[in-house]
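Trainee: Below, the features straight out of TrEMBL:
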BINDING   24, 26, 28, 68, 258, 296, 299, 304  Ca(2+) 1 binding site
BINDING   298  Ca(2+) 3 binding site
């Protein structure tokens, strides 16, 4: 499901470090060499490269990269090079501090990661920012969004397959009653959405459809301009169909008058080692255009090259 391509014979970490150091030397930076190394190494190998580079050259690799490359290309390379949990911590911090209702990074980190991955991101947040993720979300997010997002990012859900069908049936009714009353931020709605396991939520959403003859997200489209409802729909889609959720984020990032590089970079960097192949298939099916072609059309130069490399383009 990942699109990351790694050589059949991966060079030793020390050799990769030498190649990167070579890319930084002289009058110009060798961006293609940076891409050829970092865009084709998995998370464990990138972690080892960072550690060895610092030991060998006395400078943190991310700082060396920041001194040599800039703009959209720099952000894509830095985000990719970060350890996944550290990357999530950085993305969460950025969104919490500049929070706006249409932001999706916090939802993705809370709902499109496993409970263990979310916990690792929260630990990385402690280490990097000397605060907790939930306290920053509580400090910067307000109103109903705070009621929803603080428990969402604080959860440590059960991750097993067991399901209580009678509970799914009763909680589907609770969700329907509150949605019918337009009590979207009711504490019972938030309790169910933010505490139940993925398997239990899927059972609840299936029961909702069986009992009321349409998906829950259809009822959450009562007001298309309501950002709180859009956030609830995003949470549900992250649990029920993450490939289609991320396809839509990419479609919106690449459509319209301009390209949303933040969303484009975030999705590709966070999913290349997970399920980007499925997202590419969903994009092709929905848009009748390969994702690589759409990315190449809307991006240029080194930024285009790093994204296409992570997409697994030949």
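A Cβ is built for glycine as well, from the same backbone N, Cα and C atoms used for every other residue.
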Trainee: If one measures from the C-alpha of residue 28 (Ca(2+) 1 binding site) to the C-alpha of the residue listed as 'Ca(2+) 3 binding site', what distance in angstrom results, rounded to a whole number?
Mentor: 26
Trainee: Give the number of CB atoms, excluding that of residue 304 (Ca(2+) 1 binding site) itself, located within 10 Å of its CB.
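Mentor: Summing over all protein chains shown, residue 304 (Ca(2+) 1 binding site) has 19 other Cβ atoms within 10 Å.
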